[in-house]
Amino acid sequence: MSSLSLWISSSVAVTARSESDHRLRLLSSSSATIATSPALHFCCLRTEALKLGAKSNRWKVVAAAVAPQNGSASDEFDYNLVIIGAGVGGHGAALHAAEKGWKTAIIEGDVVGGTCVNRGCVPSKALLAVSGRMRELQDEHHMKAFGLQVAAAGYDRQGVADHANNLASKIRSNLTNSLKGLGVDILEGVGTILGPQKVKYGKVGSSGNVITAKDIIIATGSVPFVPKGVEVDGKTVITSDQALKLEFVPDWIAIVGSGYIGLEFSDVYTALGSEVTFVEALDQLMPGFDPEIGKLAQRVLINPRKIDYYTGVFASKITPAKDGKPVIIDLIDAKTKEPKDTLEVDAALIATGRAPFTKGLGLENIRVETQRGFVPVDEHMQVIDVDGKLVPHVYCIGDANGKMMLAHAASAQGISVVEQISGKGNVVNHLSIPAACFTHPEISMVGLTEPQAREKAEKEGFEVSVAKTSFKANTKALAENEGEGLAKLIYRPDNGEILGVHIFGLHAADLIHEASNAIALGTRIQDIKFAVHAHPTLSEVLDELFKSAKVGRTGSLDPEIKSSPILHWLKSTPLVQVWHLLLSKFST
Amino acid sequence: MASPLLSRVSISNATAGNTISFSSSVSNGLLWRRSAAFPDKSRRKVSTVQAKIREIFMPALSSTMTEGKIVSWIKSEGDVLSKGESVVVVESDKADMDVETFYDGILAAIVVGDGEVAPVGAPIGLLAETEEEIAEAKAKASKSGSSAPPPPPPPAPAAASASPAAPAVAPAKSAASAPVPDGPKKIVATPFAKKLAKQHKVDIGSVVGTGPFGRITPADVEAAAGISPSKSTGVNEVSPVAAAPAPVAAAAPKAAASPAPPPIPGSTVVPFTTMQAAVSKNMVESLSVPTFRVGYPVLTDKLDALYEKVKPKGVTMTALLAKAAAMALAQHPVVNASCKDGKSFTYNSSINIAVAVAINGGLITPVLQDADKLDLYLLSQKWKELVEKARAKQLQAHEYNSGTFTLSNLGMFGVDRFDAILPPGQGAIMAVGASKPTVVTDKDGFFSVKSKMLVNVTADHRIIYGADLAAFLQTFAKIVENPESLTL
């Protein structure tokens, strides 16, 4: 088997080379790197990446093992770096700082792990894992198609809730251990900046301990945003904080906000038997998603389920259930503010986004004013004061700066700040940070949406093309009976730059990284399209996607016609026939 | 896809997928060839209505599509179209698709505008061949526009309550400020209830809500639509199959009830009514329950004597039997239990005797609730009401699906014994035959003629075992043979 595959790969090299040579003749805009490396395309990919990396001063991976003890701070300061907030952002920054040998402390006023681990991404994934299975087991048609017979599926609410809770504790202890293992000091209490390079921590009201640090990172995150007029009682009117505890499964729940939090919860609740009513202030559901993806998602995730929705309305007043009355939601028109309707439901989940948690940070001591609660920062995440000047040694990452409210974005910003402090100017490319919504099927995206790309193109004067592939043609997806899905690539046909990729389909959240890495490394379509994907896997959806993009194609030089003689030649080559034969054997 | 249209969306490499995934790393040329191999153009069906004005119909873009929404007209009125050009984008239940014209001409009129919905096959636009015909086409459009089958829904189909409830929406404006107005009661229906109402074309305004706070639940809509409630609520409008032939034969003589595979020439096919469909569904469902039967002879001389006495007071034999069964069940709760999940006993808190009744070509099982607790006269009174309601089709859901034990009596037809099918969701059903004078021998060897009735109980053997059933029948027989207790 292994000798066989070796033999095959050598044949690939031969054919691939001839193909690339052929391609060069066709594409006038091919870069010099390809021409000089006639071997495999991986080489081009890597050279390109390194070249770009050097240009933008990307950090290098620290390969050497790092001693678990903390580095020593200079005599002037207690610590090299103090991070306020031990969420995913703070954790990422602390780990990276510790790897650099810095003496690092992290201040946490609540529990290690922050929102993501305790009240966000992590427990919600546990609930979604359950809802995905429930949905599958309840789908008689789906099961029948597999030839499976399943008796009525049921669930134990407490068991589901425990799963979510256990997962959160496990991840929390992993996080704590990783910090301790690297020698990061975990300081308990609320952190307040007293002045330049000086931080106080301790229980609210107590005098607290004062420490000094060369640099300070604010990573205090966010809390659920509750619009005014909404009374959260934690039982029938709840935010994601309470919903994740799954204390009860209402028959009918209204979800205010149809962003990714609302969508994920609609997936959970409908799978557990609730009916859902969405209340969305904008004119269409799922704002923020690429419109085409949103539309398809609505067809799959909303329309066939026990969900209805109101768009273009605000929930001006939400009263929790009491005195034998249901939860009452007053709806007003989002534009005219006229009363529109009243909903009577069993529960309401407020999923209207998140608000930064920056109170009590002592920002006034360094002359910084928040903007709608967010800490203003520059592209290096360095904090900006009232006069628009950079505050030395103070950075803010994650939800608290509001640049991109995602756990992994916070972590990336944290690492970038550590790089920045160590003198390696670093800027996070937010357009390369993927985002995902873990519904069934999942939605994922990176970069620009089509309207954003078109707007940018108009401004900067370039052309935009869109390529799409469907999950319906993917063997693995069909084997799973999950052919519903679409992948969409938005790119520049002139130079092959990837502007955005959006996926809706089975395991979309895992598939997006090929695209996000390509954007991060600056890989162009004409290069990535030669990367090989294992067959049969879902990753072939992206393979197809990149291959269906038409880069550098001009009217005068039509590759369709010119390539066909080569194609015929290739088809008749015995080597290729053997190759096909072998592959068909492996894939079955 | 059966329609002559090929969508752009479906260019998704339906067949090429597998080959491409590995050969593409070898040959890039193949790729271009593949996409070129798929026709980019689709065809659209336009049929000739008059000589030169053609109607553009809402195409069927998928096998399940019943209506389509116009996303946008790519062309506007007065535009000159040439064959193969995209004219309109239609949203089906699956995807958005460009629809292209099959003919050259001028788009004379748009009948169904952007964002509006039309059923498959309805005209959505008119195509004129020459400019002179545009006016004519327009006139035709305005005419057909007003008489078009479904008037286009209001521009915001997403908003507010389901369609026919329009009058209820208007007062909602004023109601919004006050929490719960006592005036015209606002219609509250759950999302799924609204969906079902739309699907089954039920006017949601006419449905009585029985859910919490009086809201309309999916079950209410199903009840209003006359379909059996979904599985979760347990289906009970069943009766022994043996009872079915009688009403069918009596009430539907014209229906040639011959289900032989090759239809005999001249036979007619009569689709099930909703009630019949429910019976059919439940009968098939019953096959999943392992049942067994135990028969028992019961002497009824004393019961008959009692019946003669209480008959003038309005007591029926059904009430007597139901009462006797209920009293026996009170002593044998397992026979009143049911097996819901195949893993446990569900002991029912009350004894509700469902009694099978043949009714206009169907079957219904009105339920005598708490039959063990009510006295014989009340029970008879209740039974009379239930039968009247059943005839008038006014039974509420709980009045026919809350049974915990079923009684089926064919004795009045002279049937001596029969076998009943256990309705899903119950533990046992009793089939009662006619009481007939029979020669019996007592333990001393003396012959006598006594009235004897054979009862036969079918039970779910997952929870009720032979001895349980036998003991229950023994108790039942004792009660019937010494019926004084029935009147207590």
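Glycine too: its Cβ is placed from the backbone N, Cα and C atoms.
Residues or ranges marked as active site, proton acceptor in TrEMBL: A:H535. Every protein chain considered, the tally of other Cβ atoms within 10 Å of the Cβ of A:H535 (active site, proton acceptor) stands at 18.
Taken from TrEMBL, the feature FAD binding site covers A:K125, A:G191, A:T220, A:G221, A:S222, A:D399, A:M405, A:L406, A:A407, A:H408. Same-chain residues at least 6 positions away in sequence with a Cβ under 8 Å from that of A:A407 (FAD binding site) are, in sequence order, A:G87, A:V88, A:G89, A:T115, A:C116, A:G120, A:C121, A:G398.
Annotation for A:I261 (NAD(+) binding site): same-chain Cβ neighbours under 8 Å, separated by at least 6 residues, are A:S240, A:A351, A:G353. The NAD(+) binding site annotation in TrEMBL covers A:G257, A:S258, A:G259, A:Y260, A:I261, A:G262, A:L263, A:E264, A:E280, A:G353.
In the three-state DSSP scheme, A:C121 (disulfide bond) is classed as helix. The disulfide bond annotation in TrEMBL covers A:C116-A:C121.
Look at TrEMBL and you will find A:79-414 tagged as domain 'FAD/NAD(P)-binding'.
What TrEMBL records for A:433-544 is domain 'Pyridine nucleotide-disulphide oxidoreductase dimerisation'.
Residue counts for the domain 'Pyridine nucleotide-disulphide oxidoreductase dimerisation' (A:433-544) under DSSP, split into helix (H, G, I), strand (E, B) and coil, are 42 helix, 29 strand, 41 coil. With a threshold of 8 Å between Cβ atoms, the recorded positions A:C121, A:K125, A:E280, A:H535 that neighbour chain B are A:H535. Candidate recorded positions: A:G259, A:L263, A:H535. Nearest to A:M405 (FAD binding site) by Cα distance: A:G259.
Other residues of the same chain near the NAD(+) site, with their Cβ within 8 Å of the Cβ centroid of A:G257, A:S258, A:G259, A:Y260, A:I261, A:G262, A:L263, A:E264, A:E280, A:G353, are A:I255, A:F265, A:M286, A:A351. According to DSSP, A:G259 (NAD(+) binding site) is assigned to coil rather than to any helix or strand. For A:T220 (FAD binding site), the same-chain residues 6+ apart in sequence whose C-beta sits under 8 angstroms from its C-beta are A:I84, A:G85, A:G191, A:P356, A:F357, A:T358, A:L361, A:G398, A:A400. Neighbour counts of Cβ atoms within 10 Å were taken for the binding-site residues A:G257, A:G259; the minimum is at A:G259. In this view, A:C121 (disulfide bond) is surrounded by 19 other Cβ atoms within 10 Å of its Cβ, with every protein chain counted. Reduced to three states, the DSSP call for A:M405 (FAD binding site) is coil. In the predicted model, the domain 'FAD/NAD(P)-binding' (A:79-414) shows an average pLDDT of 93.
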